[in-house]
Structure formats: structure tokens, C-alpha cells
């Protein structure tokens, strides 16, 4: 039977529970254990699909089409285990399920309550089949202890601690140790009060993971242990790391995996960890041969968490080419307000990337960025919205279709990009009506694509058959293919039925590729996505020229 590790947070949000969970999962894997990571999100949205990126950050899409929390991206990148819709649940999903059951009469007239019905759904999710031979299931609870929204989740994991066999549950609490510079002191009171709140719910943490800017003095460690009722060795220091891929090494050095195994009584029989690959990647990130500067011209650049997987995929591409990747974040709107700014910001970059986005705001600036990259032979990578902008740019400036636009921006006589109303998933036809609901209506998840033999992308992938994850409502209009291809922008990747353009590229350019899907979602530190490795390789080549 699998053992369960519950990771909670206190004091403030955004301390890094997702990263801590992923790092612990990687450490357990390094000892030969099989792991599965899951996330409980207390918000009332059914999923983050319709949430603002500024509110939630990136929406991470799984192979089976679930729109999930960005922490699942950390889980996949650190463990290599692909997540599914069974690995993320929200209060909105739980309430939706309960109300549907109540309307069907499944509760046989009982009064539906938070306990036992809501907590029961949470426990069912936690205990649902993690897969064959899984040794540890790591459950991250979103938010912080004391949040009203989180109370049913904390109650559910408290109950599970009593219901699971003895020695099959471990509680880790991530907290903050602020350093007051004016006093020159590290303060433990916030941690003490956070643990007090957790214990008032009925949960005694086994391990405290303490985020801190400075090393924890031994006296403070003993003080925390005494007041929080844990052993001093279970007060784990979690300082900022040089890069996130050094976090597993740092946590191992502090003894996190050792303490977890000790809680389960497995320390004496646990295999020694093999952290070789983590040491290698950490070394490569710390000792690059060079540096490339990538301009990301987007819509949500004010919050880099909106592009979390994209940033990591570019870092992975840098690892593949042994270079450090620097980011120049640019709002598309900036190029609309000041055209002269384009040359100032882009002339000396080594690559231009336009990522996914929704809506018209900033689109004209992104189109101008595409044009500049094309005309000045700067490596260009367009992802989802970025591919659509490349198509519109070619249509307007090279094919003479001056009114070329997207129906996402409003009515147009030349819909180069239009709303998808039908597509195929497996053997089922998916249909979306004009003006329908937004939630859960996109073309999401893994879909096949066929690449043109001899094309650049076929060479990059080493295959003409690929499968990538998508998240979009709008698609390039295949009816414009002949006119756009006449400009040199070739459709070199299509859906298996030949109706949906998936990839475009230019042969008359050092590196110019647009893709309708999101390759960043499948990139891993130890297996960089080939498109990102190739793009950064082209940027590295340009860095030698400018």
C-alpha cells in the first residue's frame, strides 16, 4: 500500500510548496521509490481555465486535456511522471460533483454537509488509484493554514491520518522565518503561530520546512522544535537556491528525505540516493559557456508565473546548448505605443519569442515584433498565439492581404485566424458553438500532428509523427494556405486529417518556426524539448554574430 505525504503551508502564500513537493518527489525517486504527486486547490473555480493569468499564473495542461495548477508542471519536470486530471482537484469541482449527486438523489434524502460529504469527496480523491507499484503519494494542499476555503481540506487530511494504517501518513508544514533587518534577528513567532493553528485543527506536523534568507542558528532551531513539538532534526532549513534544480540537492543536504523516511520507519532499509544527474545539471547551470538574450514579447509579462513552463523550457534549451538564458520581458502594447522602441529593444537580442495569449490587447505590437525578427534574420519562435501572429504578419506584409486579422479581435473580411467550431479527439467529434460558455471549451490536451518530410521541424524532431499538448480556441484558416505559402511561410505540420495547421516555418530564415501547440509543457530538465534546444542553439549561433 502507498504511503501518503501531506504538504501544507503557513504564514504567507507563495513560499514554494509546489517546488518543495516536486523536490521531495525527486529525492524519493533518487532512492528508487515510485512516486505520484497531487494538488488540492481550495478555490471555488471548477478549474483555472478561465482565471486571469495575473490571478493564477500559468494554466498547466495535461495529456488528457485537464487545465490545472502550474505546480503540476513542477511535478512533471522534477519527476518525469506525466500528470493527469486525476492529480488536481478544486473546491469548485467537489461542490459541482456533490450538487449533481444531490440532484440525482444519490444521498437518499440525507442532509448534505461539509462533513462528511465534502470531506468524503476530498478523501476519495486523495485515495484514488495512484497507479501500479506507487510507493509514495505526495499531496500538496493549496493556500495557507487558517484560510476559510481550506478548512474542509485540512479536516479531510486530518481524518486520513487516523484512517490510514499506522506509519502510512506524514505531515510536512512549510513556513516562513522572517529576518528583521533593523533588529538583526530571525523571528520564529510566525512559525510558532502557524503550527499552533495547524495543531488546533488536529494536525501535528512531523517535519517543518522553514523558508529563510539566512542559515538558522542552532539555538533558534531548538526553540522552534520545542514550541512546535518536533525534533530539532525535523526543523529543515530551506534557503533560496542558485537555481530551482539545485533545490533537491539542498534539501537532501539538510536531511529532508532522511527525516521523511524516518517518519515512515524506512530509513534503515532505504536505498542510498543517486543524485548524479541533479549534480550534473546544477553544475551546468552554474558554469555555462556563454549567454543568450531572448526577448519574450507577450501579454502577461508583468507576472512571469504566467509563463512558468515557458521559462523552464528555455532554461532546458540553454542546458542542452550549455548557455545561460537571459530574458527580456516586453509587453506587446509597448511596441504599439512607440514603433521606434522595437529596434531599440530587439536589434541586439539573440532570439524573439511570442508566447500564447488571448484577446486583441498587444497583438499589433506582437505582429511588429514578428516582422522585425523576420526582416532582420533574428531567430523567431511563435507559440500558439505567436504562430497566429506570424501568419497574420505574412498575410498583411507579404501576401498583400491588408485586412488580414483574427475573428478573436472582431469581425474581419480576411479571417486568417478563426474560431474552431469542430475538431476530432480520438474518434469523437468535439463541437463548440459561437457565443458558448468559455469554461472547458478549448481544444485541450495531446493531439497528433504530421510533419512534412524534409522540413526543418521534421529534422528537429527526428520524426514526421508527433504528439503535443494544445490549449486554444482559435486556429489558422487552412483556406489561406496557398496565398501564405507563396510568401515563403510554409505549413509544415498539420493535423492527421490535414485540416488544422499545426506548424509553420521559413526556409529563407536562420530559424523561424511557429507552432499552434504548447511544446513547453512537455520539456524536462533531463530531456529538453527539441524545439527549445534547437531555438536556443540558433540564438547561440546569432550571439556570435552580434
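Keep in mind that glycine also has a Cβ here, set from the backbone N, Cα and C atoms.
Going by Swiss-Prot, these are the annotated features:
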type	residues	note
REGION	1-266	region 'Amidoligase domain'
BINDING	13, 187, 188, 189, 190, 191, 192, 223	UTP binding site
BINDING	13, 147, 148, 149, 187, 188, 189, 190, 191, 192, 223	CTP binding site
BINDING	14, 15, 16, 17, 18, 19, 71	ATP binding site
BINDING	54, 357, 385, 386, 387, 388, 408, 473	L-glutamine binding site
BINDING	71, 140	Mg(2+) binding site
DOMAIN	293-545	domain 'Glutamine amidotransferase type-1'
ACT_SITE	518	active site
ACT_SITE	520	active site
Original post:
In terms of DSSP three-state secondary structure, what is the assignment for residue 140 (Mg(2+) binding site)?
Top reply: strand
**OP:** Using DSSP reduced to three states, classify residue 518 (active site) as helix, strand or coil.
**Re:** coil
**OP:** Can you grab the distance from residue 192 (UTP binding site) over to residue 148 (CTP binding site)? Cα atoms, rounded to a whole Å.
**Re:** 20
Original post:
So which one is it: of the binding-site residues 189, 473, which has the fewest other Cβ atoms within 10 Å?
Top reply: 189
Original post:
Can you give the mean pLDDT for the domain 'Glutamine amidotransferase type-1' (293-545), rounded to a whole number?
Top reply: 91
**OP:** For the binding-site residues 15, 357, work out the Cβ neighbour count at 10 Å and name the residue with the minimum.
**Re:** 15
Original post:
Per DSSP, residue 473 (L-glutamine binding site) is which: helix, strand or coil?
Top reply: coil
**OP:** Could you check which of these binding-site residues, 140, 190, 357, sit within 10 Å of residue 71 (ATP binding site), going Cα to Cα?
**Re:** 140
**OP:** Could you list the residues of the same chain, at least six apart in sequence, whose Cβ is under 8 A from the Cβ of residue 387 (L-glutamine binding site)?
**Re:** 476, 503, 504, 514, 515, 516
Original post:
For residue 18 (ATP binding site) and residue 357 (L-glutamine binding site), what Cα-Cα distance in Å is obtained after rounding to a whole number?
Top reply: 24
